[in-house]
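**Student:** Got a structure here, written out as structure tokens. Questions coming.
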């Protein structure tokens with residue numbers, strides 16, 4: 001009896017440490033929205049960047065995220081001092097800290113130099129996210145009860161979205177009193193704290209699957225590549241990822257154009273923009289809790305299709321907003337921006353949680369990091385392409401930083417493109433009930 005109690009206590013302690021690592025990791029990465037809100041205003045007001053250039057930079061800054069499959073392979077196959085996760089989290093946090101410190105302290109920074117450091121920061125963030133996602137996937141595999149399925153994903157999302165809400169709230173207020181560079185410096189200090197916190201926790205105490213020590217790095221990478229290829233060749237895995245990627249790629253996002261419309265045309269204050277992003281993060285937080293409680297047993301195809309349709313409805317609502325319909329019926333521009341623009345940005349990422357849970361259920365043991373990294377890489381590449389398509393669409397229709405007369409037409413095209421993935425939602429494959437019972 002005493003031995004069983006000791007084992008149970010050790011398991012509980014390991015679970016608590018895993019949640020600490022996951023909570024800190026996702027919280028800090030969620031709080032990245034704090035400095036990035038400052039980046040948007042720093043580019044627009046401090047450096048005089050045009051709307052199209054701002055959106056191109058926003059999309060291009062995600063390029064390091066495309067390298068996630070390679071980082072996932074490294075994390076799975078090349079342990080550092082026998083550990084595969086926490087050393088990579090520490091390296092990513094340190095790289096981000098150096099990048100944001102350089103941006104904050106560099107005098108009269110130029111646009112090319114700023115772009116290099118933003119890319120470096122996102123590369124560090126991608127390293128952290130790959131390792132954190134793998135920890136969530138591996139720890140989630142140890143949950144045997146159906147009631148526990150998806151709980152760690154929801155836990156991570158709650159921490160990330162709550163940090164995003166706080167970051168946007170503080171960012172909107174901070175921009176009224178401090179320069180963006182002070183925001184960059186503050187976030188760099190948080191990253192340094194994350195680095196030392198991660199280094200202080202031994203990975204062995206998390207009870208994660210151990211890396212094979214009898215294989216060379218090259219052999220391990222080849223083994224992981226083979227396992228990743230086999231996993232991606234599973235029909236339910238392959239076609240689900242295809243649909244998820246297309247659901248972002250086909251949409252010409254106009255986030256940079258709408259940011260300029262709200263700040264230049266409507267003259268909305270930075271606090272309003274910050275509150276709209278806070279609303280989106282709060283919506284993400286509510287969604288993560290609701291999904292874990294009410295929707296995790298539903299079909300992934302049904303949940304993802306409903307979310308895709310809701311995104312299209314918000315885009316159609318934006319058409320009425322730009323045409324001034326809501327203003328005429330007494331809804332202020334600031335209120336609409338806070339609620340609906342924030343909800344739209346949140347909705348764009350609502351799909352990631354159910355899809356991550358769906359893929360984690362399908363993923364074979366041993367290559368969780370590689371598969372989840374591949375999915376996030378596909379998402380990053382899809383958002384980059386959609387951002388470029390949005391710039392091309394705005395240029396083709398004739399929307400500029402001071403002429404928004406054709407913006408309603410752009411939004412209608414954007415909404416129509418959003419509906420296209422619903423025509424092929426059958427690509428989202430579920431695991432057969434017979435296979436579930438056998439497993």
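Residue numbering: from 1, along the chain as shown.
Here the Cβ of each residue, glycine as well, is placed from N, Cα and C on the backbone.
So TrEMBL has the following annotated:
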- 20-43: transmembrane segment (TRANSMEM)
- 55-74: transmembrane segment (TRANSMEM)
- 86-109: transmembrane segment (TRANSMEM)
- 155-175: transmembrane segment (TRANSMEM)
- 182-201: transmembrane segment (TRANSMEM)
- 237-261: transmembrane segment (TRANSMEM)
- 303-326: transmembrane segment (TRANSMEM)
- 338-359: transmembrane segment (TRANSMEM)
- 371-399: transmembrane segment (TRANSMEM)
- 405-428: transmembrane segment (TRANSMEM)
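Set these features in their place in the structure for me.
**Tutor:** For the transmembrane segment (55-74), same-chain residues at least 6 beyond its ends with a Cβ under 8 Å from one of its own Cβ atoms are 40, 43, 49, 88, 115, 118-120, 122-123, 125-127, 129-130, 134, 221, 224-225, 228, 253-257, 369-374, 376-377, 379-381, 383-384, 386-388, 390-391.
Beyond its flanks by at least six residues, the transmembrane segment (237-261) meets 40, 44, 51-52, 54-55, 58, 231, 273, 300, 304, 308, 318, 322, 341, 345, 351, 355, 358-359, 362-363, 371, 374-375, 378-379, 381-383, 385-387, 389-394, 399, 401, 404, 407, 410-411, 413-414, 417-418, 420-421, 424-425, 427-429 of its own chain at Cβ-Cβ distances under 8 Å.
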**Student:** Under 8 angstroms for C-beta pairs, at least 3 of them, ignoring pairs fewer than 6 apart in sequence. Is the transmembrane segment (303-326) in contact with the transmembrane segment (182-201) by that rule?
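**Tutor:** Answer no: the transmembrane segment (303-326) and the transmembrane segment (182-201) share fewer than 3 Cβ pairs below 8 Å.
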**Student:** Same chain, outside the transmembrane segment (155-175) by at least 6, Cβ under 8 Å from its Cβ: which residues?
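**Tutor:** For the transmembrane segment (155-175), the far contacts come to 19, 22-23, 26-35, 37-38, 41, 132, 136, 182-183, 270-275, 277-278, 280-282, 284-285, 287-289, 353.
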**Student:** Would you call the transmembrane segment (20-43) and the transmembrane segment (182-201) in contact, using three or more Cβ pairs under 8 Å, pairs 6 or more apart in sequence?
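**Tutor:** The transmembrane segment (182-201) and the transmembrane segment (20-43): touching, yes.
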**Student:** Give the one range among 182-201, 338-359, 405-428 whose Cβ atoms make the most pairs under 8 Å with those of the transmembrane segment (371-399).
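**Tutor:** Highest pair count goes to 405-428.
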